(Lines of atoms letter the chains of each structure in order from A and count residues from 1; the text may use other names and numbers.)
(Lines give C-alpha, C1' and ligand atoms only; values in the text may rest on other atoms or scores of the structure.)
Protein backbone atom coordinates (compact mmCIF):
# COMPACT_ATOMS: atom_id res chain seq x y z
CA UNK A 1 0.00 0.00 0.00
CA UNK A 2 1.37 3.41 -0.93
CA UNK A 3 1.81 6.23 1.55
CA UNK A 4 -0.29 8.59 -0.45
CA UNK A 5 -3.37 8.55 1.77
CA UNK A 6 -1.33 9.49 4.82
CA UNK A 7 -0.34 12.78 3.22
CA UNK A 8 -3.95 13.87 2.78
CA UNK A 9 -5.41 16.26 5.32
CA UNK A 10 -9.11 16.61 4.49
CA UNK A 11 -11.27 19.25 6.06
CA UNK A 12 -13.83 16.63 7.10
CA UNK A 13 -12.29 14.83 10.09
CA UNK A 14 -13.97 11.56 9.13
CA UNK A 15 -12.97 11.54 5.45
CA UNK A 16 -9.34 10.45 5.94
CA UNK A 17 -10.56 7.64 8.18
CA UNK A 18 -12.98 6.55 5.49
CA UNK A 19 -10.31 6.39 2.77
CA UNK A 20 -7.81 4.63 5.01
CA UNK A 21 -10.47 2.14 6.12
CA UNK A 22 -11.38 1.27 2.54
CA UNK A 23 -7.77 0.75 1.52
CA UNK A 24 -6.84 -1.16 4.68
CA UNK A 25 -9.93 -3.36 4.47
CA UNK A 26 -9.11 -4.54 0.98
CA UNK A 27 -5.42 -4.85 1.79
CA UNK A 28 -6.17 -7.03 4.80
CA UNK A 29 -8.42 -9.32 2.78
CA UNK A 30 -5.97 -9.58 -0.10
CA UNK A 31 -2.92 -10.33 2.10
CA UNK A 32 -4.59 -12.45 4.76
CA UNK A 33 -3.11 -15.90 5.20
CA UNK A 34 -6.58 -17.17 6.06
CA UNK A 35 -7.64 -16.68 2.45
CA UNK A 36 -4.77 -18.09 0.39
CA UNK A 37 -6.92 -18.27 -2.74
CA UNK A 38 -7.23 -14.51 -3.10
CA UNK A 39 -5.10 -12.89 -5.74
CA UNK A 40 -2.96 -9.93 -4.71
CA UNK A 41 -2.62 -6.80 -6.85
CA UNK A 42 0.42 -4.77 -5.83
CA UNK A 43 0.36 -1.45 -7.65
CA UNK A 44 0.59 2.26 -7.05
CA UNK A 45 -2.81 3.84 -6.57
CA UNK A 46 -3.76 7.04 -8.42
CA UNK A 47 -4.07 10.19 -6.27
CA UNK A 48 -7.30 11.28 -4.63
CA UNK A 49 -8.97 14.66 -5.20
CA UNK A 50 -6.81 15.39 -8.22
CA UNK A 51 -5.28 13.90 -11.31
CA UNK A 52 -6.61 12.86 -14.69
CA UNK A 53 -8.23 9.60 -13.57
CA UNK A 54 -10.15 11.21 -10.70
CA UNK A 55 -11.70 13.88 -12.89
CA UNK A 56 -12.37 11.42 -15.72
CA UNK A 57 -14.33 9.40 -13.17
CA UNK A 58 -16.23 12.54 -12.14
CA UNK A 59 -17.09 13.51 -15.73
CA UNK A 60 -18.07 9.92 -16.55
CA UNK A 61 -20.38 9.94 -13.53
CA UNK A 62 -21.86 13.22 -14.78
CA UNK A 63 -22.60 11.60 -18.15
CA UNK A 64 -24.27 8.57 -16.56
CA UNK A 65 -26.30 10.84 -14.25
CA UNK A 66 -27.45 12.76 -17.31
CA UNK A 67 -28.51 9.52 -19.02
CA UNK A 68 -30.29 7.93 -16.07
CA UNK A 69 -31.94 10.83 -14.25
CA UNK A 70 -32.10 13.33 -17.09
CA UNK A 71 -34.08 10.86 -19.15
CA UNK A 72 -36.14 9.71 -16.17
CA UNK A 73 -37.22 13.24 -15.21
CA UNK A 74 -38.15 13.92 -18.85
CA UNK A 75 -40.86 11.27 -18.93
CA UNK A 76 -43.52 13.99 -18.85
CA UNK A 77 -42.80 14.61 -22.54
CA UNK A 78 -43.55 10.97 -23.34
CA UNK A 79 -46.61 11.02 -21.10
CA UNK A 80 -48.10 13.99 -22.95
CA UNK A 81 -47.51 12.25 -26.29
CA UNK A 82 -48.78 8.83 -25.17
CA UNK A 83 -52.07 10.23 -23.84
CA UNK A 84 -52.79 12.15 -27.06
CA UNK A 85 -51.60 9.73 -29.76
CA UNK A 86 -52.34 6.09 -30.57
CA UNK A 87 -51.94 3.38 -29.44
CA UNK A 88 -52.11 4.62 -25.83
CA UNK A 89 -54.53 7.55 -26.18
CA UNK A 90 -57.48 5.33 -25.26
CA UNK A 91 -55.68 3.77 -22.30
CA UNK A 92 -56.01 4.86 -18.68
CA UNK A 93 -54.16 8.12 -18.14
CA UNK A 94 -53.33 6.98 -14.61
CA UNK A 95 -51.66 3.84 -15.95
CA UNK A 96 -49.68 5.85 -18.49
CA UNK A 97 -48.64 8.31 -15.79
CA UNK A 98 -47.36 5.40 -13.66
CA UNK A 99 -44.58 4.51 -16.11
CA UNK A 100 -42.17 7.32 -15.16
CA UNK A 101 -42.61 7.17 -11.37
CA UNK A 102 -42.16 3.37 -11.51
CA UNK A 103 -38.70 3.78 -13.02
CA UNK A 104 -37.76 6.55 -10.58
CA UNK A 105 -38.95 4.59 -7.55
CA UNK A 106 -36.87 1.55 -8.54
CA UNK A 107 -33.79 3.67 -9.23
CA UNK A 108 -34.02 5.37 -5.85
CA UNK A 109 -35.02 2.27 -3.90
CA UNK A 110 -32.53 -0.24 -5.31
CA UNK A 111 -29.52 1.45 -3.73
CA UNK A 112 -29.51 -0.34 -0.38
CA UNK A 113 -29.95 -3.76 -2.06
CA UNK A 114 -27.10 -3.06 -4.48
CA UNK A 115 -24.92 -1.88 -1.58
CA UNK A 116 -25.26 -5.36 -0.07
CA UNK A 117 -24.70 -7.06 -3.44
CA UNK A 118 -21.51 -5.13 -4.21
CA UNK A 119 -20.26 -5.61 -0.67
CA UNK A 120 -20.33 -9.37 -1.27
CA UNK A 121 -19.44 -9.30 -4.97
CA UNK A 122 -17.21 -6.25 -5.51
CA UNK A 123 -15.46 -7.95 -8.43
CA UNK A 124 -18.74 -8.04 -10.38
CA UNK A 125 -19.58 -4.34 -10.10
CA UNK A 126 -18.24 -3.30 -13.51
CA UNK A 127 -19.85 -6.31 -15.21
CA UNK A 128 -23.22 -5.36 -13.74
CA UNK A 129 -22.85 -1.83 -15.14
CA UNK A 130 -22.30 -3.19 -18.65
CA UNK A 131 -25.33 -5.44 -18.18
CA UNK A 132 -27.31 -2.38 -17.07
CA UNK A 133 -26.32 -0.53 -20.24
CA UNK A 134 -27.46 -3.44 -22.42
CA UNK A 135 -30.72 -3.71 -20.47
CA UNK A 136 -31.26 0.04 -20.80
CA UNK A 137 -31.02 -0.02 -24.60
CA UNK A 138 -33.03 -3.23 -24.96
CA UNK A 139 -35.83 -1.86 -22.76
CA UNK A 140 -36.11 1.24 -24.94
CA UNK A 141 -36.04 -0.76 -28.18
CA UNK A 142 -38.65 -3.25 -27.00
CA UNK A 143 -40.82 -0.40 -25.69
CA UNK A 144 -41.02 0.93 -29.22
CA UNK A 145 -42.92 -2.18 -30.37
CA UNK A 146 -45.55 -2.51 -27.61
CA UNK A 147 -49.20 -1.50 -27.88
CA UNK A 148 -50.38 -2.24 -24.33
CA UNK A 149 -49.80 -0.07 -21.28
CA UNK A 150 -48.83 -2.94 -18.98
CA UNK A 151 -45.96 -3.81 -21.32
CA UNK A 152 -44.94 -0.16 -21.36
CA UNK A 153 -44.84 -0.17 -17.56
CA UNK A 154 -42.82 -3.40 -17.59
CA UNK A 155 -40.24 -2.11 -20.11
CA UNK A 156 -40.03 1.67 -19.87
CA UNK A 157 -40.86 1.53 -16.17
CA UNK A 158 -39.43 -1.60 -14.50
CA UNK A 159 -36.80 -2.40 -17.15
CA UNK A 160 -35.39 1.10 -17.30
CA UNK A 161 -35.57 1.37 -13.51
CA UNK A 162 -33.41 -1.72 -13.00
CA UNK A 163 -31.00 -0.65 -15.75
CA UNK A 164 -30.68 2.85 -14.33
CA UNK A 165 -29.97 1.46 -10.86
CA UNK A 166 -27.13 -0.69 -12.18
CA UNK A 167 -25.63 2.29 -14.00
CA UNK A 168 -26.08 4.91 -11.29
CA UNK A 169 -25.38 3.37 -7.89
CA UNK A 170 -21.84 2.06 -8.56
CA UNK A 171 -20.81 5.66 -9.25
CA UNK A 172 -22.18 6.73 -5.87
CA UNK A 173 -20.41 3.90 -4.08
CA UNK A 174 -17.06 4.72 -5.73
CA UNK A 175 -17.04 8.51 -5.18
CA UNK A 176 -15.49 8.08 -1.72
CA UNK A 177 -12.51 6.25 -3.20
CA UNK A 178 -11.65 9.04 -5.61
CA UNK A 179 -12.49 12.14 -3.56
CA UNK A 180 -11.98 13.12 0.08
CA UNK A 181 -11.45 16.87 0.45
CA UNK A 182 -13.44 17.58 -2.72
CA UNK A 183 -16.10 14.93 -2.27
CA UNK A 184 -18.91 17.47 -2.01
CA UNK A 185 -17.78 19.32 -5.13
CA UNK A 186 -17.36 16.09 -7.09
CA UNK A 187 -20.79 14.79 -6.06
CA UNK A 188 -22.33 18.16 -6.92
CA UNK A 189 -20.86 18.01 -10.41
CA UNK A 190 -22.13 14.45 -10.86
CA UNK A 191 -25.61 15.24 -9.54
CA UNK A 192 -25.83 18.24 -11.87
CA UNK A 193 -26.28 15.77 -14.72
CA UNK A 194 -29.95 15.31 -13.85
CA UNK A 195 -30.65 19.02 -14.35
CA UNK A 196 -28.59 19.15 -17.56
CA UNK A 197 -30.42 16.16 -19.00
CA UNK A 198 -33.93 17.09 -17.88
CA UNK A 199 -33.51 20.82 -18.47
CA UNK A 200 -31.74 20.92 -21.81
CA UNK A 201 -30.72 17.75 -23.58
CA UNK A 202 -33.66 15.37 -23.49
CA UNK A 203 -36.50 17.91 -23.86
CA UNK A 204 -34.89 19.25 -27.04
CA UNK A 205 -34.03 15.85 -28.50
CA UNK A 206 -37.26 14.08 -27.54
CA UNK A 207 -39.56 16.88 -28.70
CA UNK A 208 -37.78 17.18 -32.06
CA UNK A 209 -37.81 13.42 -32.66
CA UNK A 210 -41.41 12.98 -31.52
CA UNK A 211 -42.68 15.70 -33.85
CA UNK A 212 -40.88 14.33 -36.88
CA UNK A 213 -40.69 10.54 -36.34
CA UNK A 214 -43.20 9.57 -33.67
CA UNK A 215 -42.57 7.75 -30.41
CA UNK A 216 -41.43 4.40 -31.85
CA UNK A 217 -38.40 5.66 -33.76
CA UNK A 218 -37.71 8.18 -31.00
CA UNK A 219 -37.25 5.32 -28.53
CA UNK A 220 -35.04 3.39 -30.96
CA UNK A 221 -32.80 6.38 -31.68
CA UNK A 222 -32.52 7.18 -27.97
CA UNK A 223 -31.52 3.56 -27.33
CA UNK A 224 -28.66 3.92 -29.80
CA UNK A 225 -27.57 7.30 -28.41
CA UNK A 226 -27.55 6.05 -24.83
CA UNK A 227 -25.66 2.90 -25.82
CA UNK A 228 -22.88 4.95 -27.40
CA UNK A 229 -22.51 7.60 -24.71
CA UNK A 230 -23.11 5.10 -21.92
CA UNK A 231 -20.31 2.93 -23.26
CA UNK A 232 -17.97 5.92 -23.32
CA UNK A 233 -18.91 6.78 -19.73
CA UNK A 234 -18.37 3.24 -18.47
CA UNK A 235 -14.80 3.28 -19.71
CA UNK A 236 -14.07 6.11 -17.25
CA UNK A 237 -15.94 4.63 -14.26
CA UNK A 238 -13.62 2.30 -12.39
CA UNK A 239 -12.63 1.77 -8.75
CA UNK A 240 -9.52 3.57 -7.52
CA UNK A 241 -8.69 0.62 -5.26
CA UNK A 242 -8.64 -2.62 -7.29
CA UNK A 243 -11.44 -4.97 -6.19
CA UNK A 244 -10.57 -8.23 -4.51
CA UNK A 245 -10.45 -11.22 -6.85
CA UNK A 246 -12.23 -14.18 -5.32
CA UNK A 247 -11.68 -17.72 -6.55
CA UNK A 248 -14.44 -20.27 -6.95
CA UNK A 249 -15.46 -21.65 -3.56
CA UNK A 250 -13.64 -18.94 -1.63
CA UNK A 251 -15.59 -17.46 1.27
CA UNK A 252 -17.04 -14.03 0.61
CA UNK A 253 -18.31 -11.39 3.06
CA UNK A 254 -21.84 -11.78 4.40
CA UNK A 255 -24.59 -10.41 2.16
CA UNK A 256 -25.88 -8.19 4.98
CA UNK A 257 -23.03 -6.92 7.19
CA UNK A 258 -23.42 -8.05 10.81
CA UNK A 259 -23.21 -4.56 12.31
CA UNK A 260 -25.04 -1.75 10.58
CA UNK A 261 -24.75 0.69 13.44
CA UNK A 262 -25.95 3.71 11.49
CA UNK A 263 -29.51 2.32 11.74
CA UNK A 264 -29.36 2.90 15.49
CA UNK A 265 -28.05 6.46 15.26
CA UNK A 266 -30.38 9.44 15.57
CA UNK A 267 -28.38 11.41 13.03
CA UNK A 268 -29.19 8.81 10.34
CA UNK A 269 -32.92 8.92 10.97
CA UNK A 270 -32.86 12.71 11.07
CA UNK A 271 -31.01 12.71 7.75
CA UNK A 272 -33.39 10.13 6.22
CA UNK A 273 -36.52 11.95 7.43
CA UNK A 274 -35.26 15.29 6.17
CA UNK A 275 -34.46 13.75 2.78
CA UNK A 276 -37.96 12.27 2.55
CA UNK A 277 -39.75 15.49 3.49
CA UNK A 278 -37.57 17.56 1.17
CA UNK A 279 -38.34 15.19 -1.72
CA UNK A 280 -42.06 15.36 -0.95
CA UNK A 281 -41.91 19.08 -1.68
CA UNK A 282 -39.44 19.01 -4.57
CA UNK A 283 -41.04 16.45 -6.88
CA UNK A 284 -44.53 18.03 -6.98
CA UNK A 285 -43.03 21.43 -7.81
CA UNK A 286 -40.88 19.97 -10.58
CA UNK A 287 -43.99 18.29 -12.00
CA UNK A 288 -46.51 21.14 -11.75
CA UNK A 289 -44.50 24.33 -12.17
CA UNK A 290 -44.78 24.24 -15.97
CA UNK A 291 -48.49 23.39 -15.81
CA UNK A 292 -49.13 26.28 -13.41
CA UNK A 293 -47.14 28.71 -15.56
CA UNK A 294 -49.22 27.81 -18.61
CA UNK A 295 -52.38 28.93 -16.77
CA UNK A 296 -51.12 32.50 -16.29
CA UNK A 297 -49.03 32.80 -19.45
CA UNK A 298 -48.16 31.03 -22.71
CA UNK A 299 -46.85 27.47 -23.28
CA UNK A 300 -43.54 29.02 -24.33
CA UNK A 301 -43.28 30.71 -20.94
CA UNK A 302 -43.98 27.37 -19.27
CA UNK A 303 -41.08 25.80 -21.16
CA UNK A 304 -38.81 28.70 -20.20
CA UNK A 305 -39.77 28.40 -16.53
CA UNK A 306 -39.04 24.66 -16.52
CA UNK A 307 -35.64 25.26 -18.12
CA UNK A 308 -34.86 27.96 -15.55
CA UNK A 309 -35.92 25.61 -12.76
CA UNK A 310 -33.61 22.82 -13.96
CA UNK A 311 -30.75 25.20 -14.81
CA UNK A 312 -30.85 26.65 -11.31
CA UNK A 313 -30.69 23.11 -9.96
CA UNK A 314 -27.44 22.53 -11.86
CA UNK A 315 -25.87 25.61 -10.28
CA UNK A 316 -27.27 24.70 -6.87
CA UNK A 317 -25.90 21.15 -7.02
CA UNK A 318 -22.36 22.33 -7.70
CA UNK A 319 -22.43 25.30 -5.29
CA UNK A 320 -23.96 23.41 -2.37
CA UNK A 321 -21.58 20.52 -2.97
CA UNK A 322 -18.65 22.93 -2.87
CA UNK A 323 -19.91 24.51 0.36
CA UNK A 324 -20.46 21.13 2.02
CA UNK A 325 -16.70 20.53 1.77
CA UNK A 326 -16.03 23.68 3.78
CA UNK A 327 -18.89 24.20 6.23
CA UNK A 328 -20.95 21.97 8.56
CA UNK A 329 -23.57 20.21 6.46
CA UNK A 330 -26.50 20.70 8.95
CA UNK A 331 -26.33 24.45 8.39
CA UNK A 332 -26.32 23.94 4.62
CA UNK A 333 -29.35 21.64 4.88
CA UNK A 334 -31.11 24.20 7.04
CA UNK A 335 -30.36 27.03 4.61
CA UNK A 336 -31.51 24.98 1.62
CA UNK A 337 -34.81 23.87 3.14
CA UNK A 338 -35.61 27.18 4.86
CA UNK A 339 -34.84 29.20 1.74
CA UNK A 340 -36.99 26.86 -0.36
CA UNK A 341 -39.90 27.15 2.10
CA UNK A 342 -39.73 30.96 2.15
CA UNK A 343 -39.64 31.06 -1.65
CA UNK A 344 -42.69 28.80 -1.88
CA UNK A 345 -44.57 30.84 0.74
CA UNK A 346 -43.82 34.35 -0.55
CA UNK A 347 -43.28 33.85 -4.28
CA UNK A 348 -45.29 30.87 -5.54
CA UNK A 349 -48.00 31.31 -2.93
CA UNK A 350 -48.77 34.81 -4.26
CA UNK A 351 -47.65 34.21 -7.86
CA UNK A 352 -49.98 36.13 -10.18
CA UNK A 353 -47.32 37.45 -12.55
CA UNK A 354 -44.71 35.75 -14.68
CA UNK A 355 -41.90 37.66 -12.94
CA UNK A 356 -42.74 36.07 -9.58
CA UNK A 357 -42.86 32.61 -11.14
CA UNK A 358 -39.44 33.21 -12.73
CA UNK A 359 -38.04 34.31 -9.37
CA UNK A 360 -39.53 31.29 -7.64
CA UNK A 361 -38.16 28.89 -10.27
CA UNK A 362 -34.64 30.26 -9.86
CA UNK A 363 -34.59 30.37 -6.04
CA UNK A 364 -36.47 27.15 -5.34
CA UNK A 365 -34.76 25.28 -8.18
CA UNK A 366 -31.30 26.25 -6.95
CA UNK A 367 -31.83 25.70 -3.21
CA UNK A 368 -34.07 22.64 -3.31
CA UNK A 369 -32.45 21.13 -6.39
CA UNK A 370 -29.02 21.36 -4.80
CA UNK A 371 -30.08 19.72 -1.53
CA UNK A 372 -28.88 16.25 -2.55
CA UNK A 373 -25.27 17.46 -2.70
CA UNK A 374 -25.04 17.22 1.11
CA UNK A 375 -25.77 13.49 0.92
CA UNK A 376 -22.17 12.31 1.26
CA UNK A 377 -21.36 14.58 4.20
CA UNK A 378 -24.49 13.51 6.07
CA UNK A 379 -24.04 9.82 5.23
CA UNK A 380 -20.42 9.84 6.42
CA UNK A 381 -21.49 11.41 9.71
CA UNK A 382 -24.33 8.89 10.10
CA UNK A 383 -22.01 5.93 9.45
CA UNK A 384 -19.36 7.05 11.95
CA UNK A 385 -17.49 5.17 13.51
CA UNK A 386 -17.78 2.84 10.48
CA UNK A 387 -17.20 5.27 7.60
CA UNK A 388 -16.83 2.41 5.12
CA UNK A 389 -20.63 2.04 5.48
CA UNK A 390 -21.31 5.60 4.30
CA UNK A 391 -22.49 4.34 0.91
CA UNK A 392 -24.99 2.03 2.58
CA UNK A 393 -26.22 4.86 4.80
CA UNK A 394 -26.69 7.12 1.77
CA UNK A 395 -28.57 4.44 -0.18
CA UNK A 396 -30.78 3.60 2.80
CA UNK A 397 -31.73 7.25 3.27
CA UNK A 398 -32.41 7.63 -0.45
CA UNK A 399 -34.99 4.84 -0.25
CA UNK A 400 -37.39 7.38 1.22
CA UNK A 401 -36.76 9.60 -1.78
CA UNK A 402 -38.10 6.87 -4.05
CA UNK A 403 -41.27 6.68 -1.97
CA UNK A 404 -41.62 10.46 -2.12
CA UNK A 405 -41.20 10.40 -5.91
CA UNK A 406 -44.45 8.42 -6.08
CA UNK A 407 -46.37 9.83 -3.10
CA UNK A 408 -45.59 13.51 -3.62
CA UNK A 409 -47.17 13.92 -7.06
CA UNK A 410 -50.17 11.79 -6.04
CA UNK A 411 -50.90 13.90 -2.96
CA UNK A 412 -50.36 17.07 -4.98
CA UNK A 413 -52.79 15.80 -7.61
CA UNK A 414 -55.44 15.25 -4.95
CA UNK A 415 -54.89 18.74 -3.53
CA UNK A 416 -55.01 20.16 -7.02
CA UNK A 417 -58.39 18.58 -7.71
CA UNK A 418 -59.70 19.85 -4.39
CA UNK A 419 -58.46 23.35 -5.21
CA UNK A 420 -60.53 23.53 -8.38
CA UNK A 421 -63.69 24.12 -6.36
CA UNK A 422 -62.15 26.92 -4.30
CA UNK A 423 -62.36 30.55 -5.31
CA UNK A 424 -59.15 31.99 -6.70
CA UNK A 425 -56.68 33.81 -4.53
CA UNK A 426 -53.27 33.30 -2.97
CA UNK A 427 -52.24 29.65 -2.68
CA UNK A 428 -55.01 28.48 -5.00
CA UNK A 429 -53.99 27.02 -8.36
CA UNK A 430 -56.73 27.25 -10.97
CA UNK A 431 -56.36 24.76 -13.84
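Note that Cβ sites are derived from N, Cα and C of the backbone, with glycine treated the same way.
Your range for transmembrane segment, going by TrEMBL and the list 94-117, 262-285, is 94-117.
Looking up the ranges 12-33, 188-209 in TrEMBL, the one annotated as transmembrane segment turns out to be 188-209. Confidence in the domain 'Major facilitator superfamily (MFS) profile' (267-431), given as mean pLDDT, stands at 83. The stretches the transmembrane segment (54-82) and the transmembrane segment (221-241) are in mutual contact, each linked to the other by at least three Cβ pairs under 8 Å (pairs 6 or more apart in sequence). Through the fold, the transmembrane segment (287-309) approaches residues 76, 199-200, 203, 351-354, 357-358, 360-362, 364-365, 369, 409, 412, 416, 429-431 of its own chain, all at least 6 residues removed from its boundaries and within a Cβ separation under 8 Å.
By the Cβ criterion (under 8 Å, sequence separation of 6 or more), the transmembrane segment (329-351) is in contact with the transmembrane segment (357-379), since 3+ such pairs are found.
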